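Features of the protein shown, as given by TrEMBL:
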- 31-38, 150-153, 179, 187-190: ATP binding site (BINDING)
- 38: active site, proton donor (ACT_SITE)
- 62: beta-alanine binding site (BINDING)
- 62, 156: (R)-pantoate binding site (BINDING)
Ligand code: PAF
C-alpha cells in the first residue's frame, strides 16, 4: 500500500521531514488513470531524486464546459497499486476543496501569455490557464526539486517551462519521452474511450506525422506537408483540429530552419487525441 495523503497539512508534514533530512524530492503531476507512460515518469525521477511524490487530481479548471471532465476515467485503487509497484513513495490525492480552498469561482488564476495562444490554446480556450494554475499550486504544495512531464503534451511542457522561468519556481523540469503502444499510438488515458474501430484507426495520427517528417526531409514545404497530413487524418476518419509544423519553442517554423516539431490534434468520434514528432529537416538524430 502506498502512503497516501488527502490534506495539505499531512502533505506538508511529510515534505518537511524529507527536506529536514536533506532528501531531494521529485513530483509526477497526473490526473490519474495511470498507464505505462506515467510509470515511466516515476522511473525517470527515481534515478534522480531520493523521494518521488505523484499527485492524482482531475483538475476541473482545465476542462472546457463541453469537455470530458465528468466522464474522465477515475481509477484510484488501480492508480495507488501501480504507483506502489513503480516505486513511488507518496500519493498526493487532494479533493477539489483541498486544491481550491477559496472555491472554484474565487481562485487565483495563473495565465501564461504567448505560447498558450496557438494550437491547443486556440482550440481549448482557458485550458492552459487551468493547467498553469494547478501546476503552480502543486509546486507550492509539494515543493519538488524536480518535476517530470511527458513530451506527448508538448505545448503543456512549453507552458510550464514559461511558468517556472517567469515565477522563478526552484524546480527543474524533466521532460520524458512519449510512451507508445506497439502500433505507434501515443499512450493516453483517453485511448480507452476508443471503440474497436476507432482504436484501429488511431495509429494513423503518428503515421501521418511520420509521413509529414519524411516529406519535409524530402524537400516539401511545411505548409504542404502539414496539409497532406491533415488529408491522411481525414481519410482515416479523424475530424482535424490542427496539424502544424513549428519551431521547437513553438514559434512559427520558417522553411529552411533545421529543427522542427510537427503537432496534431484531431477527434475520432468523441475522443480527442494529440501527438507530436520532433525532427530535423536534414535527418540529424535529435539529442534525446
Ligand atoms: O498532463 C496532465 O495530466 C495534466 O495536465 C496535469 C499536468 C497533471 C495538470 O492537471
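Cβ from N, Cα, C; glycine included.
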Q: Report, in whole Å, the straight Cα-to-Cα distance of the residue listed as 'active site, proton donor' from residue 156 ((R)-pantoate binding site).
A: 15
Q.
Just to be sure I understand the contacts, which recorded positions have a Cβ under 6 angstroms from any atom of ligand 1? Candidates are 31, 34, 37, 38, 151.
A. 31
Q: Enter the number of other CB atoms within 10 angstroms of the CB of residue 38 (active site, proton donor).
A: 28
(Q) Neighbour count first, Cβ atoms within 10 Å, every protein chain included; then name which of 31, 34 tops the list of binding-site residues. (A) 34
Q.
I'm trying to understand the geometry here, so how far is the Cα atom of the residue listed as 'beta-alanine binding site' from the Cα atom of residue 38 (active site, proton donor), in Å to the nearest whole number?
A. 19
Q. Could you give the Cα-Cα distance between residue 189 (ATP binding site) and residue 38 (active site, proton donor), in whole Å?
A. 10
**Q.** Helix, strand or coil at residue 62 (beta-alanine binding site) [DSSP, three-state]
**A.** helix
Q. Can you check what DSSP calls residue 31 (ATP binding site), collapsed to helix, strand or coil?
A. coil
Q: Using a 10 Å cut-off, grab the number of neighbouring Cβ atoms around the Cβ of the residue listed as 'beta-alanine binding site', all chains included.
A: 21
